[in-house]
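According to TrEMBL:
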TRANSMEM  16-35  transmembrane segment
DOMAIN    20-306  domain 'Sugar phosphate transporter'
TRANSMEM  47-72  transmembrane segment
TRANSMEM  84-102  transmembrane segment
TRANSMEM  108-130  transmembrane segment
TRANSMEM  165-189  transmembrane segment
TRANSMEM  201-219  transmembrane segment
TRANSMEM  231-255  transmembrane segment
TRANSMEM  262-283  transmembrane segment
TRANSMEM  289-306  transmembrane segment
REGION    324-349  region 'Disordered'
Amino acid sequence: MGKGGSLSDGVIKKILLSYTYVAIWIFLSFTVIVYNKYILDKKMYNWPFPISLTMIHMSFCATLAFLLIKVFKVVEPVSMSRELYLSSVVPIGALYSLSLWLSNSAYIYLSVSFIQMLKALMPVAVYSIGVLFKKEGFKTDTMANMLSISLGVAIAAYGEAKFDTWGVMLQLGAVAFEATRLVMIQILLTSKGITLNPITSLYYVAPCCFVFLLVPWIFVELPVLKETSSFHFDFVIFGTNSLCAFALNLAVFLLVGKTSALTMNVAGVVKDWLLIAFSWSVIKDTVTPINLFGYGLAFLGVAYYNHSKLQALKAKEAQKKAAQADEEGGRLLEERESEATDKKSESQN
């Protein structure tokens, strides 16, 4: 095959890899969400300590990442100055800890299906924060689309059979912190010029999360845990749950690092529909027609937003290729003019 065929093969390989990353992330995210709901829900495993659960996840991830880097030497550690660490990694760790804490807390008060409907606000939060950090340009039509997504989520919330104000506030806070984290990850991976693979990302970020969560844990959950004398740590439950969380963290960094935050949002929509169906059919959560109508409206808004972003990326790529072609053409013209000048000089001599 010629040059065009090779290019097509490269594009196909990239698409297949992207779909593989998406499928892995959807599966692991689905598993962790259902598993966390099982552990935290008072009607299931009945261990309503979201900070403790998140800290278990982070300590497991940090330990495993340390072993893979320092002991087994699977990957090389990244050289990072203290100033760069404090300005880049620590903020992401703080945002990640808050996002996980609040999102895990929401499972105590809300159904899995309703939480996924609220997560449809993620593109709204990502776009708004992107505009704030000047990573996105403000556009009236895009903002109108964001309002349509918000309207759909509001309708879904109106139709929720087991609406809990505190649970909704927790989930909305988690969405805000997660959206900020996604934007900051792209800034960390691109603008700062730092190359972090999934293992080194956890090596630096997970300890930050643990430290940030330690303070609220001491005041909020530790006193209650001291009074709970009947609890015995189940290594099978928390071990497998932590392993799934570790794998999900790898998948998250891999998906965002190898594709984009936009791809993660598209994958998130598919995962949310699957979780809503699972929540209704298996967990037996109540899903009303108003829920589905509102989420359907939000889904259309998210789909249109993702389509617009894809078209913009294609247009940007086309402009880049055209500029490269013009540059190459100009260079060839200069070379020919130089050769002609050299020949004329030789003939005169």
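One is the number of the first residue shown, and numbering goes on along the chain from there.
Each Cβ is built from the backbone N, Cα and C atoms, and glycine gets one as well.
The model shown is predicted, which means the values in this text are computed figures rather than measured ones.
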Residues of the parent chain within Cβ reach of the transmembrane segment (262-283), under 8 Å, 6 or more residues beyond its termini:
18, 21-22, 25-26, 29-30, 33-34, 37, 111-113, 116-117, 119-120, 122-123, 126, 182, 252, 255-256, 295, 299, 302-303, 306, 309-310, 313
Restricting to the domain 'Sugar phosphate transporter' (20-306), report the mean pLDDT as a whole number.
89
Should the transmembrane segment (47-72) and the transmembrane segment (165-189) be scored as in contact, given a threshold of at least 3 Cβ pairs under 8 Å and pairs 6 or more apart?
no
Counting CB pairs under 8 Å, which listed stretch among 16-35, 84-102, 165-189, 289-306 touches the transmembrane segment (231-255) the most?
16-35
Quick one: find which recorded stretch in 84-102, 201-219, 289-306 has the most Cβ pairs under 8 Å with the transmembrane segment (165-189).
84-102
May I ask for the residues of the chain that lie six or more residues beyond the transmembrane segment (84-102) and have a Cβ under 8 Å from a Cβ within it?
50-51, 54, 57-58, 170-171, 173-174, 177-178, 180-181, 184-185, 188, 192, 194, 204-213, 216
